[in-house]
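According to TrEMBL, the features are:
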| type | residues | note |
| --- | --- | --- |
| BINDING | N9, W10, K11, G176, S216, G237, G238 | substrate binding site |
| ACT_SITE | H98 | active site, electrophile |
| ACT_SITE | E170 | active site, proton acceptor |
Amino acid sequence: MRKKIVAGNWKMNLLPEEGKKLTSEIVNMAGDEVPNDVTLVICPPYTHLESVQKLTGDQEKVFLGAQNCHTEESGAYTGEISVPMLKAIGTSYVIIGHSERREYFSETDEFLAKKTDKLLSAGLTPIFCCGESLEQREGGKYVSFVTNQISNSLFHLSEDEIKKVVIAYEPIWAIGTGLTASPEQAQEMHEAIRKHLAEKYNADVANSISILYGGSCKPGNAKELFACEDVDGGLIGGASLKSRDFVDIAKSY
Ligand code: PEP
């Protein structure tokens, strides 16, 4: 059975005290309200990782994630954070390849392949983001665009390695815009991604990888998105900044 995951990407929001308050609320509510087979991940800014870890570290439902990492272990990379640093403070998941990083920080598929390798060799779980722009969707080649992102960054991995990756399909036109992919649009892409994985690897591998949906997911639309056969949870931006909304999304299973 595939793991169901609801991950919150706080992006560059909240001061540390606000982050602690939000985390405590989520941990308290999740214990009673979120089904045991749903894993929650909180991905705060780097400056909050340790304080969030203190609040999530001794329970089994809410895990700590980071929003990015560097490919090198250490060295002259001013402003960057390495995978060993993230691991040392108890980070379990790391988002890589978010469209904002691809766009504003020119991250390439090749660079993301290296980040994936670094994370897997350290035992951390990459949440690999992919997704097309509105222009690409309207041009009709959106499926091949997304499956190429996956091939370019992940298809050098062995079967055992790729099974440890979480994929997040996030259509760029739906991120932070209030526009959500319809359940049919989400299912079409998730199914295509799974088929692509099965063609390269096999059905067992494809069926074991969690594929999350991201893009204006909120309590009002999570249920119908999560009901899609190939949708295994969500990567949540704006709605993860409110404990009630985030937990309600996680309860939508
Ligand atoms: C995101 O940036 O990963 C995201 C899904 O954002 P939002 O939910 O705000 O659209």
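Think of each number as a place in line: the chain as shown, counted from 1.
The backbone N, Cα and C atoms fix where each Cβ goes, glycine too.
E170 (active site, proton acceptor) sits 15 Å from W10 (substrate binding site), counting Cα to Cα.
Other C-beta atoms found within 10 angstroms of the C-beta of S216 (substrate binding site) number 20, with every protein chain shown included.
Ranking the binding-site residues N9, G176, S216 by Cα distance from H98 (active site, electrophile) puts N9 first. With respect to ligand 1, the binding-site residues N9, W10, G176, G237 contribute N9, G176, G237 as residues with a C-beta closer than 6 angstroms to one of its atoms, given in sequence order. Candidate binding-site residues: G237, G238. Fewest other C-beta atoms within 10 angstroms, G238.
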